[in-house]
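Enquirer: Quick paste from Swiss-Prot:
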type	residues	note
BINDING	78, 120, 261, 317	divalent metal cation 2 binding site
BINDING	120, 158, 261, 315	divalent metal cation 1 binding site
TRANSMEM	31-51	transmembrane segment
TRANSMEM	369-389	transmembrane segment
């Protein structure tokens, strides 16, 4: 019983120890919880919060009670998946995660019927050896996976097979085999809304050089065959229809939508407007035919042969709207990747057999994500310093209380 007076001291010591342990656990859980919360927001949640604001545009003149099917289409461009030559692992990880989360979030929220990627899928396809190509394709298929009810169609770009004089039969065949792509392919989505609602013409821009090369000649022959199909679809009421179009495959009566990587000929981006158009310095640069845009001759030939109602293209990485022949609009789709622009986006189209309506959906900007991470880092650092200062002050105060007189 002689140590009975030490029991309160021991209890007080245990309480103080428990209190300190709880304080440390609270401190650590706050730090790690905050880090996880910021990470979850920036790498997952922010994509849903931004894309959920986008909605399919209504087709003017089409009523909800109307039985005319509306095709919901997403158009994106210039994903530029990095390869083994120029692709730093951190750059590859960051930008490809951004595109994967953007794409998967858009699919889940918007439920498109069909998705078109307008070329330059890869950054180093023109150089890739077979092993590197297989690796890049596997990464692409993982990033742009999609449910069975959504169709994904990929067009070829100059970074996939090279510019005209770098393009070879081997590289083109490799791309065509991987993505089931053919220049001059006429796509009429069947099974979607159970009707042929519209036609899309897919082109290999690099094969429109006009120099009668083997690849170019095959592409132009296919283009002429498509022109015949489209002309026959327009003359079904003509007296000579059966005579001229007896053995021609039927296509939707509507004018087609032309999809390709290069824009049609224009002098520059000087007339382009919008927050995601080219910078003032880039707008001053004159475009080079057959490199930045199609040649003037090839552009006029396409408009004459196909008579499209709408054109969508990529390649420039910036947005632009151009009116050809005073009646045919062309939309240049900005890049989908942070690597090419800070504010990537994609185009949403509601399309019927005779009408269409387009809207743009912006993705989270890279600057926003960086700002959130920096702000969170500053706040957490301030919190840690404040806790350390408070701990030091408490120890000093505790030491003074226990100091003997």
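Cβ from N, Cα, C; glycine included.
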Enquirer: May I ask you to report the DSSP-based helix, strand or coil state of residue 158 (divalent metal cation 1 binding site)?
Expert: helix
Enquirer: Whole-number Å distance between the CA of residue 120 (divalent metal cation 2 binding site) and the CA of residue 158 (divalent metal cation 1 binding site)?
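Expert: Residue 158 (divalent metal cation 1 binding site) has its Cα 6 Å from the Cα of residue 120 (divalent metal cation 2 binding site).
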Enquirer: In angstrom units, rounded to an integer, how far apart are the Cα atoms of residue 78 (divalent metal cation 2 binding site) and residue 315 (divalent metal cation 1 binding site)?
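Expert: The separation of the Cα atoms works out to 7 Å.
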Enquirer: Starting from the divalent metal cation 1 site formed by 120, 158, 261, 315, give every other residue of that chain whose CB sits within 8 Å of the mean position of their CB atoms, in sequence order.
Expert: 77, 78, 118, 119, 157, 159, 160, 205, 262, 314
Enquirer: Restricting to the same chain and to sequence separations of six or more, state which residues have a Cβ under 8 Å from that of residue 317 (divalent metal cation 2 binding site).
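Expert: Expected: 78, 334, 335, 340, 341.
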Enquirer: Using the Cβ center of 78, 120, 261, 317 as the divalent metal cation 2 site position, which other residues in that chain lie within 8 Å, going by their Cβ?
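Expert: What remains near the Cβ centre is 77, 80, 118, 119, 157, 159, 314, 315, 316, 335, 340.
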